[in-house]
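Right, one structure below, let's go through it.
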Amino acid sequence: NAMILMNVYCNKIMKPIDGSCCQPQPPLTLIQKLAFCFFTLSIIGYLIMNLIHRNNYRKNKSCTDLESGEERKPAISTPNVSTLEMLLHSFCKLGLIMTYFYLCDRANLFMKENKFYTHSSFFIPIVYILVLGVFYTENTKETKVLNREQTDEWKGWMQLVILIYHISGASTFLPVYMHIRVLVAAYLFQTGYGHFSYFWIKGDFGVYRVCQVLFRLNFLVVVLCIVMDRPYQFYYFVPLVTVWFMIIYATLAIWPQIVQKKANGNCLWHFGLLLKLICLLTCIYFLSYSQGAFEKIFSFWPLSKCFELNGNVYEWWFRWKLDRYVVFHGMLFAFIYLALQKRQMISEGKGDPLFSNRVSNVLLFISVVSFLTYSIWASSCKNKTECNELHPSVSVVQILAFILIRNIPGYVRSVYSSFFAWFGKISLELFICQYHIWLAADTKGILVLIPGYPMFNVLVSTFIFVCVAHEISQITNDLAQIVVPKDNSTLLKRLLCIAGFFSGLLLFSAMQDQSRH
C-alpha cells in the first residue's frame, strides 16, 4: 500500500520509463484527435454501406415459386464488394484495433508490471515452442536453398524467441543478449538476400515494386506513430529494414543496371556487379567510423523528423552501426549462391546433399564447429560494449553456419515446420504489436489484463496479441492492393496525395513540438 501511495505521488513528477503504476495519462494531441475522428467516420461509413447492401440483398432474396414449389436462386447470390466498401471495412477493423492499442498502453485502464528475469522464465518457453515446432513438420513444396517455406520457418522461430526474450527481460543476461543480436542480424541478412535475389532475377526496378514493399513495411508503424504519439525511430527495426531496402534498390538500380539476364551473356557484368558491392561496402565502412558524417546526412529536415529520438539521431546511428555489414553479407551470399545454381554446381534435388558427399561432410563439420565456437565466444562475453564492437564482423559466421547445416543434408532441406512458418508470415506485425499490447509502458513493462493470475494473464494477452497481429497483416495486404495500384498514372497521383499527407503530418508534428517546448 505504501508503494502504491508513493507511486501515485512520485510518478507524476518523476515520470519513470518502466512498468510502474499510477502514471499520468498523456493528453491527446491534435493528430490523435484527427485520427480518432477519421476512424469513427470510417466505422459509421462502413455500417451505413453495410446496411444499404443488406437491404438490397434482402430485396433480391430468393422467393418460392407457388406453381412448382421450387426455390429460385437470385441473379446475384452474394452482394458485390466495392473498393470503397473494402477500404472502409479495413479502416473499420483497424480503428477498433487501434482503440485496443490505446487502451492498453496509453489510457490507465489496465495495469502494468515490471520484468524480472530468471533463467527458467526464458529457457522453459523456448523448449515448449521447439517441441511444438518439431511436431508440425511437413514436406516442402520445393527443395531449393532458403526456399519460401524455409525462410518463413526461420523468421517464425526467431520471432518467437525474440518475443520470449523481451517478455522475460533476458537482455540483462549478456550471453542471451548476444545470441538475440544474431537473430536480429539474421533478419537483416534475409533482407539483403531476398531483395537482391528479386532484383537480380526479375530485373524489376519499377515504382510499383518499391511502393508495395515500402507500404507493407511501414503502414502499421505510421498508424501507430499517429495513434500512440510515438516517433518513427521508436520502432527502430522498421526504419532499419526500410533504409536498407532503399540502399539495396539504389545500389542495383543505378546505372549500369546489372541483372542476371544481362550477365549471362557476358561474364564481365559479374565483375561490374562486384565493383558495385565493393563501393557499397566502402560507403558502409566510412559511415560506420564517421559518426559526424552519418549524423549530418540524417539531420536534414524531414529526415531528422523521422530518425531523431530524444532530440538527436545517435540512437539511429547506434542501431544502424550494430548490424552494418550483415545486409551486404546477405547480398553477397545471394550473388554467390545464384551463380553456383546457374552453373549447376550444386544439387538441389529432393533428398540429395547440396554438394558431393565429401565436400558436404567437410562443410557440415566446419559449420558445426563455427556455430559452436561463436556460441562459446558469445557466452563468455563480459562487456556488452566490447562484444557489440565485434558483433557486426562476426555475426555472419553463425548465420552462414546455420544456413549450411539447414540446407546441405537433402532430408533436412526437404522438410519445414508449418507451425514456425505460420508465425514467420506475420513476424513483422508480431515484432511491432508487442510494443503496446503484449508488453506495455513502451516495452519497459508487461501488460496485465487479469491481475493476480500471471500465467493466465500471459495466455490471454498472448492469444489476443497473436490474433491482432494476424488481422493487421490481412488488413495491410488488402490495403496494399487498393492504395498501390499497378497503373503508373494512378500510382503517381496516389504518391502525390501521400506526399501531401506526410508533409501535413510533419508540419503538425513540428507545431506540436514547438507548443510543448
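Placed from the backbone N, Cα and C atoms, the Cβ positions cover glycine too.
Computed from a predicted structure; not experimentally measured.
Across all of the domain 'Cas1p 10 TM acyl transferase' (14-495), the predicted model scores a mean pLDDT of 90. Per TrEMBL, the feature domain 'Cas1p 10 TM acyl transferase' maps to 14-495.
For the transmembrane segment (34-52), same-chain residues at least 6 beyond its ends with a Cβ under 8 Å from one of its own Cβ atoms are 28, 84-85, 88-89, 91-92, 94-96, 98-99, 226-227. Feature annotation from TrEMBL assigns transmembrane segment to 34-52 (among others).
With a cut-off of 8 Å between Cβ atoms, the residues of this chain six or more beyond the transmembrane segment (116-136) that come close are 157, 160-161, 164-165, 168-170, 172-173, 176, 417-420. Annotation comment: TrEMBL describes 116-136 (among others) as transmembrane segment.
The transmembrane segment annotation in TrEMBL covers 156-177 (among others).
The transmembrane segment annotation in TrEMBL covers 207-227 (among others).
A Cβ distance under 8 Å defines the sequence-distant neighbours of the transmembrane segment (234-256), meaning residues of its chain 6+ beyond its ends; these are 184, 187-188, 191-192, 195-196, 199-200, 205, 210, 213-214, 217-218, 221, 224-225, 272, 276-277, 279-280, 306-307, 309, 315-316, 319-320, 323, 327, 331, 428, 431-432, 435, 442. Under the heading transmembrane segment, TrEMBL lists 234-256 (among others).
Annotation comment: TrEMBL describes 268-287 (among others) as transmembrane segment. Residues 247, 251-252, 254, 256, 258, 262, 293-294, 297, 324-325, 328, 331-332, 335, 339 of the same chain lie 6 or more positions beyond the ends of the transmembrane segment (268-287) yet place their CB under 8 Å from a CB of it.
Feature annotation from TrEMBL assigns transmembrane segment to 322-340 (among others). Using a Cβ-Cβ cut-off under 8 Å and counting only residues 6 or more beyond its ends in the same chain, the transmembrane segment (322-340) has close neighbours at 145-146, 181, 184-186, 188-194, 196-197, 200-201, 240, 244, 247-248, 251, 260, 270, 273-274, 277, 280-281, 284, 287-288, 346, 388, 391-393, 395-396, 399-400, 403.
Marked as transmembrane segment by TrEMBL: 360-378 (among others).
According to TrEMBL, the feature transmembrane segment maps to 390-408 (among others).
Annotation comment: TrEMBL describes 420-441 (among others) as transmembrane segment.
Marked as transmembrane segment by TrEMBL: 453-472 (among others).
The transmembrane segment feature in TrEMBL is assigned to 492-511 (among others).
By number of Cβ pairs under 8 Å, the transmembrane segment (207-227) is matched best by 492-511 from the list 360-378, 453-472, 492-511. For the transmembrane segment (156-177), the partner stretch with the highest count of Cβ pairs under 8 angstroms, out of 360-378, 390-408, 420-441, 453-472, 492-511, is 420-441. Take the transmembrane segment (390-408) and the stretches 360-378, 420-441, 453-472: counting Cβ pairs under 8 Å, 360-378 has the most.
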